[in-house]
Amino acid sequence: MNTEIIGIVAMFLITLGLSIPLGKYIAKVYTGQKTFLDPVFNPIEKLFYKISGIDATKEMNWKQHMFVLLTLNTIWFLLGMIILMCQGWLPLNPDNNPNMTADLAFNTAISFLVNCNLQHYSGETGVTYLSQLFLMFLQFVSAGIGLAAAAVLFNALKERTTEKLGNFYNYFIKSCTRILLPVSVVVAVVLLFNGTPMTFEGKDTITTLQGDTVQVSTGPVAAFTAIKHVGTNGGGFFGTNSSHPLENPNYFTNMVEMIAQMIIPFAMIFALGFYLNRRKLSWMIFSVMTIGFLALTVPTVMAEMNGNPEIEAMGIDTSNGATEGKEVRFGAAASGYWSIATTVISTGSVNSMHDSAMPLSGMNQLLAMMVNCFYGSCGVGLLNFYIFIILAVFISGLMVGRTPEFLGKKIEAREMKIAMIVALFHTLLILVGVALSTGFPEQGASTLNNPGFHGFSEILYEFTSSSANNGSGFEGLGDNNPWWNITTGIVLLLSRFLPIIGPIAIAGILANKKHIPESAGTLKTDTTTFGLMIFSVIAIIAALSFFPALALGPIAEYFSMK
Amino acid sequence: MKKHILSGIKLTAVCLVFFSGIYTLFILGIAQMAPNQGKGEIVEANGKKQYLNIGQSFTDGKYFNSRPSAVAYNAAGSGGSNKGPSNPEYLAEVKQRIDTFLIQNPEIKRSEIPADLVTASGSGLDPNISAQAAKVQVKRITKIRNINEQKLVHLIAENTDKPLLGVFGPEKINVLQLNIALDKIK
């Protein structure tokens, strides 16, 4: 078989193999059981709590959890604005990069805060090393927030009636120190020994073999790139993210970065099963997500490997695929695979330019973000999926004439209202944003890099990526101006916090309800039938509502090509 | 509420020190044991330092040429073309590149030109080309440098990186490495 195909199959299987033990470990961390890292992290965490004056044993209800979450995020946002707008005056700036403008700082601070990492600047010229380190801090804590929110969900799904759902600080700190940090250290070390730089020196000047003088940007890339993937953040150190040869030097690092970004989203699904002792439920969720993932990946990899028909028509050899925007060391298959992996799990790092991908690949990347819960990002993917579970339970309950229940809790009108608002909100944000940008062509269309249908896809992609907190882009779009900075900044904020608060609210309300023991009349939720039900709900709500928009962009482009 | 805000600020400070400071220093410490102290992989050529992983512009006919780059191999500002696959302006540009290549390499048939040689990479700094992209340049270089064609074919074979462990990913050639070796042939 083709070595490019073997490469991507291996990436998937290795991720799956490693994520099951990691899931077991994560479940232990959240239940407070002993793990082998206790001797290292117990004293460190104690110090954290002591300095901050936090009692990490005090249990909270869902509203208190969300209050702490929002407080922390507000502090980080304000700090981010200050640092980014003053970076030119602060230390660690060997390349003398300037301060950010207010609108760019607004967009960047929010974008990293919400785990999106949409970047309207280029790493080489737009930020200083100090800002990079601060953004790296946000990459840790924003992923930690997502994981902590999922831990609250885990706790709420237990079979009992209570208001108390653990302590948010406890979940948050443990997610950062015991899950994100150790994995990041491993990844960073692997990258270091494969040629990724880790230095605080500024630009280097060299004379090339042909005699040109070239400046080379470096920096503390290895540390940054590790957490960028482990925390499903995706913000690149350099402008072109993981297609840059220092950020992703070879096929091996490409595999490591790919595994690093998918492993925690995979592991969280299994952690849920270990935590609740319902492994079958985990496998049902994993299967539904994987079917969705494969349905998007396979056609994309094929389209990229087949190459651009317009270029093939010029009579040259396109056997190595659609090479525009791709690196030779990764090849078309691994680039196509990455483009779907990064959009389903909401990392948003790229190893090829999505703007230059084939029309149907672009459509699949968009669909991956529109659905936003095939695996999904650190923690939040499961929260999104939970919404679809609630909807599916309700619909199937009505279809067979039983009271809709999930894990022994009755689902009623209030929960359904929240679930529907969350599910439709994503659609609303994307379509309203796209409509505004196309409605005011002096703002939207004037910033495009490509004409026609593809130009429309650029706008659609930008808002979809923002609303899915993904962060990748059709990067041809000239997006560093007040219009894009402010509109996407607002979309980012809304689309991050509502989909966290909504599911946690549902879970919190359900946890407080009377537990109904399982009986013959209970709708089984860990079966294939129910899996199919969820898949249909996702297809109807997420995919179909975007069909008209997709028809105007990638689908029209596909049919317009030879 | 005030207590949470105060705790939050203190917690932020501790996390900043830990994740931005200690984690970074730890990785920086390990970097001192990595090749070239974590400053990127370096090779020497004619006594000058070169970054092995950063692609360079090779447009001179006597060298194996690298791929087109949207940023002219500016290693302080990476970037791709971001041209869509159906963009007529872009397709005209690719056609132009093919025609130029055929003029510079008249012995080569159109159907032998691999796509990577006439399309720009994602980073604009791609250090590699495909083996086929090197092969189609052999005849031109043979003529300009006046060396045996067989020697060049051998050189390409020597400098082709096999897939990882022989099974994962594509074959490729580092253009800089190939050209350094080319310069050494007398």
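Placed from the backbone N, Cα and C atoms, the Cβ positions cover glycine too.
Features of the protein shown, as given by TrEMBL:
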TRANSMEM  A:6-27  transmembrane segment
TRANSMEM  A:67-90  transmembrane segment
TRANSMEM  A:133-154  transmembrane segment
TRANSMEM  A:175-193  transmembrane segment
TRANSMEM  A:258-276  transmembrane segment
TRANSMEM  A:283-302  transmembrane segment
TRANSMEM  A:374-398  transmembrane segment
TRANSMEM  A:418-440  transmembrane segment
TRANSMEM  A:483-511  transmembrane segment
TRANSMEM  A:532-556  transmembrane segment
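Under 8 Å from some Cβ of the transmembrane segment (A:283-302) lie the Cβ atoms of residues 5, 8, 266, 269-270, 272-273, 332-333, 336-337, 339-341, 344, 357, 360-361, 364-365, 367-368, 371, 373-375, 382, 385, 525-528, 530-531, 534-535, 538, all in the same chain and six or more residues away from its ends. When each of A:6-27, A:483-511, A:532-556 is scored by its Cβ pairs under 8 Å to the transmembrane segment (A:418-440), the top-ranked stretch turns out to be A:483-511. For the transmembrane segment (A:133-154), the partner stretch with the most Cβ pairs below 8 Å, chosen from A:67-90, A:175-193, A:258-276, A:483-511, A:532-556, is A:175-193. Three or more CB pairs closer than 8 A are found between the transmembrane segment (A:374-398) and the transmembrane segment (A:532-556), so contact between the two stretches is assigned (pairs 6 or more residues apart). Beyond the transmembrane segment (A:67-90), the same-chain residues lying 6 or more positions past its ends with a Cβ under 8 Å from any Cβ of the stretch are 60, 96-102, 104-106, 108-110, 112-113, 127-128, 130-131, 134, 138, 141, 145, 148-149, 168-169, 172, 497, 500.
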